[in-house]
Amino acid sequence: MTDSIPHIPVLVKESLSLFQDQHPTTFCDVTVGAGGHAEAFLTSFPSIEHYDGSDRDLSALALSEKRLLPFKGRVCLRHASFDEVNALTPDGMYDGVLADLGVSSMQLTDLERGFSFQGEDHPLDMRMDTSRGITASEVLNSLREEEIGEIFRKYGEEPLWRSAANAVVHFRKKKKILTVKDLKDATSGVFPSYRLRKKIHPLTLIFQALRIYVNQEGAQLKVLLDSALRWLRPGGRLAIISFCSLDDRPVKWAFREAEARGEGRVLTKKVIMPTYEETRKNPRSRSAKLRCFEKSLKISDE
């Protein structure tokens, strides 16, 4: 880990605008990362007296701790997943909750983490929390072909999931898949020439699938969507930034269903996406989508 802060937060102005008329005093950032959004919120809203920032990535927390030193006394950082945050959070605690889903550019550029195609000789890890859990390498070397194929299909929506799973199992009979290069070699004959000519790397969906499975991102997102409204005070707002349809779809439907139940209203009737200027400066932002839900002011009789 370096002392620099390479991660550029996305949709910052748009995220701030969703809380502009609210003047929040308590805020929860469940993916604080390197502290980019936190810095923007704490600077823009002097009204925030208590900002809880959590993340599964200890390296990111170390960076955010340095970045947020000017706001000492207003910030509390903790190493926690969504389910752990839920266990710690009482009802009606926050005016706002923010989640920035997916992998960060900081994690991608740290080749030791195994998230990037570029780190060929680096271990195929992919854990956001390197202190626990199984690695992508362990998944590929231990699960049955059918299980690996299901991961590629369900979490990557990879059209060639059967062929890719078969290639992995065939390769590991001769050599364990331990590095990024091993996975590339294992699947080298899977993709047709038109996939190889595209700008998007042919292994993109496979990497996505492994990352989501290793980090149980779907289960963690479900915890967030099932619980975050409970954390909010009446009139509080939940903003979620997603980067792929597997994340955005559940968010969209959860917000719609909560609105239908009378729990509040969707503030982003049209999903918010980055401007051309932002995507030019930060290409990673191009697939970002921001949605926001406001909890009802009405207090339940239950």
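Quick reminder: no glycine exception, Cβ is built from N, Cα and C everywhere.
What Swiss-Prot lists as S-adenosyl-L-methionine binding site is G35, G36, H37, D55, F82, D100, Q107, and the listing cites sequence analysis. For the recorded site, D100 (S-adenosyl-L-methionine binding site), the DSSP three-state label reads strand. Long-range Cβ proximity for D100 (S-adenosyl-L-methionine binding site), meaning a same-chain Cβ under 8 A and a gap of 6 or more residues, is found for P9, V10, T31, G33, H37, I241.
In the three-state DSSP scheme, G35 (S-adenosyl-L-methionine binding site) is classed as coil. The binding residues for S-adenosyl-L-methionine are recorded as G35, G36, H37, D55, F82, D100, Q107; their greatest pairwise CA distance is 19 Å. Non-local contacts of F82 (S-adenosyl-L-methionine binding site) by the CB criterion (under 8 A, 6+ apart in sequence, same chain) comprise V30, Q220, L221, V223, L224, S227. Counting neighbouring Cβ atoms within 10 Å of each of the binding-site residues (G35, G36), the lowest count belongs to G36.
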